[in-house]
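To start, the structure under review is shown below, and the notes come after it.
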Amino acid sequence: MTDTLLTFAGVTAAVLAGWLGGRTAGPREAPAGWRVRAVLLAAAPAAAGLAVLCGAPLLLSTAIGVAVPLALSAAWLDWQAGLIADIQSAGVVLAGLLAAPFLYPYATWAIALGGGGVALAVLALGQLAVWLRSREHGLGAGDYGLAVAGGVWCGLGWVGPALLIAVAVTVLLALLRGRADGARYAFAPGLVAGFSLATLAGRLA
């Protein structure tokens, strides 16, 4: 009975996260189209189901089902509009805290929170270096929030590789897309890619 209730709660949470991801995938004045919403809604149960098939515990699978659509939604919103909604990052953080004890054999909430703190500190130092050199603010508040969320998922040991991948992906996407003078880079797609790969690598290591 308990397993049934937990499964129902997990599926419900994943579907709600997919719906919320779709709702926040576009700015208020230009909401995301139905195709984007459908993909994000489907991504939630698909990610959770894949995690279950791979042998992940139910709570970890639920956390993955919640985090994936919100992270993808943040990446899409930043790519399209240069924004990251606070609720997207907050949802990924909460899912990461739920997942923390199950991610790795040595994982704890302290390691998860430490990963978020290190990610925040590294980005802040990088921003300070950019500002001292050019007096420009290269990162927005949403970038910091999403990096903290990613750090919670990957933990202390993988923040460095995650951020390196994030920067590499961001530069590659900027080169492929082109960038107008004065326009900012969309950092969220790189952050999502970097921290996702780092979390997976930490899980498999």
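A Cβ is built for glycine as well, from the same backbone N, Cα and C atoms used for every other residue.
What you are looking at is a predicted structure, and each value in this text was computed from that prediction instead of being measured.
Taken straight from TrEMBL:
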- 6-22: transmembrane segment (TRANSMEM)
- 34-52: transmembrane segment (TRANSMEM)
- 68-174: domain 'Prepilin type IV endopeptidase peptidase' (DOMAIN)
- 84-104: transmembrane segment (TRANSMEM)
- 110-132: transmembrane segment (TRANSMEM)
- 144-176: transmembrane segment (TRANSMEM)
- 182-202: transmembrane segment (TRANSMEM)
* Short question: which residues 6 or more past the ends of the transmembrane segment (34-52) have a Cβ under 8 Å from it? -> 10-11, 14-15, 17-19, 21-23, 25-26, 58, 60-62, 64-69, 72-73, 76
* **Folded-back contacts onto the transmembrane segment (84-104), same chain, C-beta under 8 angstroms, at least six residues removed** => 17, 20-21, 24, 56-57, 59-60, 62-64, 66-67, 70-71, 73-74, 77-78, 111-113, 116, 140, 142-143, 145-146, 148-150, 152-153, 155, 188, 199, 202-203, 205
* Predicted model, mean pLDDT over the domain 'Prepilin type IV endopeptidase peptidase' (68-174) -> 89
* To do: Report the DSSP secondary-structure composition of the domain 'Prepilin type IV endopeptidase peptidase' (68-174) as helix, strand and coil residue counts.
  => 91 helix, 0 strand, 16 coil
